[in-house]
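J.: Below, the features straight out of Swiss-Prot:
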type	residues	note
BINDING	165-172, 190-194, 212-215, 282-285, 310-312	GTP binding site
BINDING	172, 192	Mg(2+) binding site
DOMAIN	1-158	domain 'Obg'
DOMAIN	159-329	domain 'OBG-type G'
DOMAIN	350-428	domain 'OCT'
């Protein structure tokens with residue numbers, strides 16, 4: 001089964017917790033703090049495996065959660081960093097953030113890697129918080145939460161040449177004649193429902209990969225007839241071979257087919273029209289084909305070069321392959337996406353720097369709800385089992401301006417303040 005789009009969940013490993021510990025050694029009075037830092041959580045890393053051809057495996061496993069870092073230990077020992085979680089994907093995979101639509105990675109070459117969900121850093125042990133005024137702190141941080149997100153994986157086949165056209169114009173037959181590929185061929189529409197790839201050798205030591213793409217219909221750019229699923233596979237091709245049925249047996253007019261398919265390519269993605277297109281008049285072995293070809297030439301004009309062929313008898317196929325090979329030698333690749341490098345601040349929330357700190361809303365029962373990347377991260381990294389850590393968290397909230405903001409919103413003594421799923425009492 002060919003699967004070319006899936007949605008999965010990925011989560012980087014949480015950082016290990018820092019430790020509160022003290023040096024206890026004979027003849028060393030007042031040894032001081034000796035709690036180690038936690039280890040970094042593992043990243044979720046996508047790696048291209050050239051042997052894969054489909055996203056089928058992701059139908060059965062949709063959640064990928066990396067291991068957390070090891071906790072800090074006594075005697076100043078830091079926790080171990082966890083090994084990254086490796087997820088193998090086929091070449092041609094594009095990774096998008098499901099929430100924002102941002103392109104995270106375009107993976108095309110063997111063993112190419114991309115970090116899709118970063119692991120959190122380890123929490124600091126109490127030895128990190130020692131000062132002249134507080135030489136034996138009872139403070140340690142929890143590990144930073146790992147990044148988590150839903151992502152969309154899209155597979156766009158890696159081919160140099162794409163065969164496009166209406167259903168039943170002979171694309172699959174042409175591919176089977178010029179390569180060792182054996183696509184399904186039958187006398188009904190949409191026999192081809194998944195892309196078929198074949199390696200074409202021209203006989204003069206040149207070769208290229210050709211893709212037989214499922215037939216298009218009018219409205220494909222808007223998703224009609226699974227158009228989006230089919231058209232995405234054209235995006236990576238460098239040369240488009242437009243196959244047109246000249247027999248007239250399907251009751252369609254060749255010029256109308258030509259215009260309709262080109263409009264679909266243009267409407268789907270403007271850059272598809274930048275690629276060189278080879279127009280192929282197929283089924284020239286049929287009775288009315290020559291007459292239909294002459295009428296077609298009159299309508300398209302002399303500027304369009306047409307290759308009359310018969311995929312069944314192989315008439316004209318050799319000249320077609322040489323033309324395609326010549327075009328490939330002079331046509332560069334067309335990058336479809338600019339992958340944006342993420343900064344840590346933009347990993348999960350796409351706001352400006354100020355809005356990342358916190359936001360205060362009020363529920364119908366009067367509870368104040370505080371949310372935002374910075375405050376939630378600070379909250380998760382606080383060890384609330386220790387009084388000194390709680391006091392530090394209160395100072396951090398004041399430093400962010402949360403106390404003042406709550407007063408400005410009308411908060412009074414005894415009001416309930418909520419962060420994530422935890423509730424606190426506001427004391428002025």
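Cβ atoms here come from the backbone N, Cα and C positions, even for glycine.
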J.: For residue 172 (Mg(2+) binding site), find which of the binding-site residues 165, 214, 283, 310 come within 10 Å, Cα to Cα.
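T.: If one measures from the Cα of residue 172 (Mg(2+) binding site), the binding-site residues that come within 10 Å are 214.
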J.: Determine the minimum-neighbour residue: among 171, 283, listed as binding-site residues, which Cβ has the fewest other Cβ atoms within 10 angstroms?
T.: 283
J.: Which secondary structure state does DSSP assign to residue 171 (GTP binding site), in the simple three-class scheme?
T.: helix
J.: So what's the mean pLDDT when you look at the domain 'OBG-type G' (159-329)?
T.: 81
J.: Which secondary structure state does DSSP assign to residue 165 (GTP binding site), in the simple three-class scheme?
T.: coil
J.: Residue 165 (GTP binding site) has how many other Cβ neighbours within 10 Å of its own Cβ?
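T.: Residue 165 (GTP binding site) is surrounded by 22 other Cβ atoms within 10 Å.
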J.: At a 10 A cut-off on CB-CB distances, which of the binding-site residues 168, 172, 310 has the highest count?
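T.: The largest 10 Å Cβ neighbour count belongs to 172.
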